[in-house]
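Participant: Straight out of Swiss-Prot:
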- D11: active site, nucleophile (ACT_SITE)
- D13: active site, proton donor (ACT_SITE)
- D11, D13, D132: Mg(2+) binding site (BINDING)
- C95, H97, C103, C105: Zn(2+) binding site (BINDING)
- 1-168: region 'Histidinol-phosphatase' (REGION)
- 169-357: region 'Imidazoleglycerol-phosphate dehydratase' (REGION)
Amino acid sequence: MSKQQKILFIDRDGTLIVEPPVDFQVDRLDKLKLEPFVIPSLLSLQDAGYRLVMVTNQDGLGTDSYPQEDFDAPHNMMMEIFESQGVKFDDVLICPHFEKDNCSCRKPKLGLVKEYLQAGKVDFQNSFVIGDRQTDLQLAENMAIRGIQYNPEIMGWKRILKDLTVKARVAEVVRTTKETDIKVFVNLDEQGGNAISTGLGFFDHMLDQIATHGGFQMVCKVEGDLHIDDHHTVEDTALALGQALKEALGDKRGIGRFGFSLPMDECLAQCALDLSGRPYLKFDAQFSREQVGDLSTEMVVHFFRSLTDTLACTLHLSSAGNNDHHIIESLFKAFGRTLRQAIKVEGTELPSSKGVL
């Protein structure tokens, strides 16, 4: 196992399999029962990049009160079921002692997981202990990672899967220079509630087109040196927006990555987008006026160039028509509609054969 892996340290009885309420021992095959949705959830968690390690206390295992052979039959059957369905545990760590034995390996002590901690195998920000008991949460605290208390009613495997794989795709970027003071917030999984104020009415409208057609929420407040011109305001807003979108996308796991759009009004706007991690812009649009509203038409291409720089995307964008207002609006709409396709979550895989975007 390479260093710094996302690892789930998972309890067995009461978390992976049902714990018998009378004697708390799964010592016969007829007592073996999987917790609801555990297999599809573990498969999806594996697909999301998590490694699985089982960590379990088995009181008195190997003694007369809990003979090894009584444990082995249902345990081996459980492992065979998991393996047959594609669920792979990197390790199965078992403490066989009673609490009174005061051993160093019984949860919540660190003996069982000591090797993982000392070898630097654990990604502390993205690893978890999952178990049904307070001792599991205490183990997580002792390991300096987060704990999830399993409960089939309120925190079952479906909920755990959602919490660990569907992360909030939000970001806020504050950018302050001598020319501008900008705050941009985006939420890629919410729509509506856009609040955009740049001091340029037409530019506000264009940014709203990106968010509305992109299917995400944008809050953008800009104070710039408009007494000079609109250059710094437009450029720095684009840089901040691109950075916010990039941060909200995270590692881009599961997204569509690509988008294509050809909307038709009296203008033909074409847009192709690849969230490739590499900035490149090919822009083709001609304007007959110096301004539309309070926005300089020369700043349209500059906006998209600055945006591609911080978003780190490949963008081909063009529009042709007779009305500059409609041409510009079609560019922003087409980009928003294309971005909607590219940021949509379609699965859990990283959309790159290189393993990174």
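FYI, residue positions are counted from 1 along the chain as it appears here.
Glycine is treated like the rest: Cβ placed from N, Cα and C.
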Participant: Within 10 Å of the Cβ of D11 (active site, nucleophile), how many other Cβ atoms can be counted across all chains shown?
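Facilitator: Neighbour count, Cβ to Cβ under the 10 Å cut-off: 24.
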Participant: List, in sequence order, the residues of the same chain other than C95, H97, C103, C105 whose Cβ lies within 8 Å of the centroid of the Cβ atoms of the recorded Zn(2+) site.
Facilitator: N57, P96, D101, S104, R106, K109, G111, L112
Participant: Please identify, from the binding-site residues C95, C103, C105, the residue with the sparsest Cβ neighbourhood, meaning fewest other Cβ atoms within 10 angstroms.
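Facilitator: With the binding-site residues C95, C103, C105, fewest surrounding Cβ atoms within 10 Å: C103.
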Participant: Among all protein chains shown, how many Cβ atoms are found within 10 Å of the Cβ of D132 (Mg(2+) binding site), not counting that one?
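Facilitator: I get 21 for this one.
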Participant: Using the alpha carbons only, what distance in Å do you get between H97 (Zn(2+) binding site) and D13 (active site, proton donor) once rounded?
Facilitator: 16
Participant: Round to a whole number and give the Cα-to-Cα distance in Å for the pair C95 (Zn(2+) binding site) and D132 (Mg(2+) binding site).
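Facilitator: About 17 Å separate the Cα atoms of these two residues.
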Participant: Where does D11 (active site, nucleophile) sit in DSSP terms: helix, strand, or coil?
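Facilitator: Coil, per DSSP.
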Participant: State the count of C-beta atoms found within 10 angstroms of the C-beta of D13 (active site, proton donor), not counting that atom itself.
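Facilitator: Its Cβ has 19 other Cβ atoms within 10 Å.
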Participant: Taking only the residues in the region 'Histidinol-phosphatase' (1-168), give me the average pLDDT of this model.
Facilitator: 95
Participant: Determine which residues of the same chain, besides D11, D13, D132, have their CB within 8 A of the center of the CB atoms at the recorded Mg(2+) site, and list them by sequence.
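Facilitator: Here the non-site neighbours turn out to be R12, G14, T15, L16, E19, T56, G131, R133, D136, Y150.
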Participant: Could you tell me the C-alpha distance between C103 (Zn(2+) binding site) and D11 (active site, nucleophile) in angstrom, no decimals?
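Facilitator: Rounded to the nearest whole number, the Cα-Cα distance is 18 Å.
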Participant: In whole Å, how far is C105 (Zn(2+) binding site) from D132 (Mg(2+) binding site) when you measure between their Cα atoms?
Facilitator: 18
Participant: Around H97 (Zn(2+) binding site), how many other C-beta atoms are within 10 angstroms of its C-beta?
Facilitator: 20
